[in-house]
Amino acid sequence: MKKLTILGSTGSIGTSTLEIVAAHPDRFQVIALTAGSNLELLKQQVEVFRPRLVSVLTADLARQLDRMLSDPKPEIHHGIPGLIAAATAGEADVVVAAIVGAAGLVPTAAAIKAGKDVALANKETLVTAGRIMMDLVRENGVRLYPVDSEHSAVFQSLEGQSGKDVKRIILTASGGPFLNLPLDRLSRVSVADALNHPNWSMGQKITIDSATMMNKGLEVIEARWLFDTPAERIAVNIHPQSIIHSMVEYVDGCVMAQLGVPDMKAPIAYALTYPERIPTGVKPLDLTALSGLTFLAPDYQRFPALKLAYDALAAGESMPAVMNAANEVAVEAFLKGKIGFTGIATSIARTMDAHEPHTLATIEDVLSSDLWAREKSRELIGLS
């Protein structure tokens, strides 16, 4: 039986992970859960899965949760120390890192240092601190299993192959809700429009990132570290049907691809059970029902955020961390109606222009760059 800690259990990835656990009680046991402020859902999860430890955002929320739960209660923690306690819980074999944004960096690093294998759904961990994190993975002899559908597809397409035989990695992207919208209308799209993803059901932040294609940019940077592949050998193709989740092209001209209906339970389950596979309840793919599979090159005029991600990766050092933090601030500002949709990429670019890249040697260096970028981005947007 595999014992799990789930960081971010009330989010989209966390709830899907627990659906898999519930479907296979003979294979999985939940040791620890963490959440932000969704106490009602966390309470339900605690009652069903009976973790030994839980953690929430603040001390006040921890007190509220304690009042909501009946005996026997788990240990209740809060804040960064609580996340670290969950990530390093002794019994856990695998830590599912599903916290959104840079907040997932510290607990994920703690899990790796504690010798835990990590099912990584938090792409910002490698975006902001890729070199540091991969060094930690090697030093501690643990495995990092990708949960993102695209990286899971690449991982599966690389199975049994030698890295020297890979010509390039091709990440696919749906193009989001604005793929065919006239460019002059992009500045006027609403939050509701941007949250209406055509294929995937996800949290708000990643859905906006998909609309700008920053999500794909983050995945390019993540792929650079996960698969030790330079940016010039990582391509992006827009594939509106989201059936082919990514591809690997080999030097002999052959291309290996992973296909399936858009459902995150499939890559989550593979990360949890590798190298085995288990039933997930995912709808079977019926190729005869498809009218066709189409592919397009990304248009940087429509999706400038993707170009910014490639630029950040080329600049290296602290720039990806700065870009990521600026994006988080800009997306939050858009969701709150403070800036327009096209203002997201503009704000990120201005923050990057104001930054001089420098070496990141420690997690603390990453967090310092992250903080600088958040403050600068808020200043440029006019939020501070």
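Just so you know, glycine gets a Cβ as well, placed from its N, Cα and C.
These figures come from a predicted structure and were not determined experimentally.
With THR10, GLY11, SER12, ILE13, GLY36, ASN38, ASN122, GLU124 listed by Swiss-Prot as binding NADPH, the candidate from GLY176, GLY203, GLY217 annotated for that site turns out to be GLY203. Mn(2+) binding, as stated in Swiss-Prot, involves ASP148, GLU150; the candidate among GLU75, GLU219, GLU232, GLU249 given for that site is GLU219. For the binding-site residues listed here (THR10, SER12, ASN215), the lowest count of other CB atoms within 10 A around the CB belongs to SER12. DSSP assigns ASP148 (Mn(2+) binding site) to coil in the three-state reduction, placing it in neither a helix nor a strand. In the structure shown, the C-beta of GLU219 has more C-beta neighbours within 10 angstroms than that of any other entry among the binding-site residues ASP148, GLU150, GLU219. When the binding-site residues LYS123, HIS197 are compared by the number of other C-beta atoms lying within 10 angstroms of their own C-beta, HIS197 comes out lowest.
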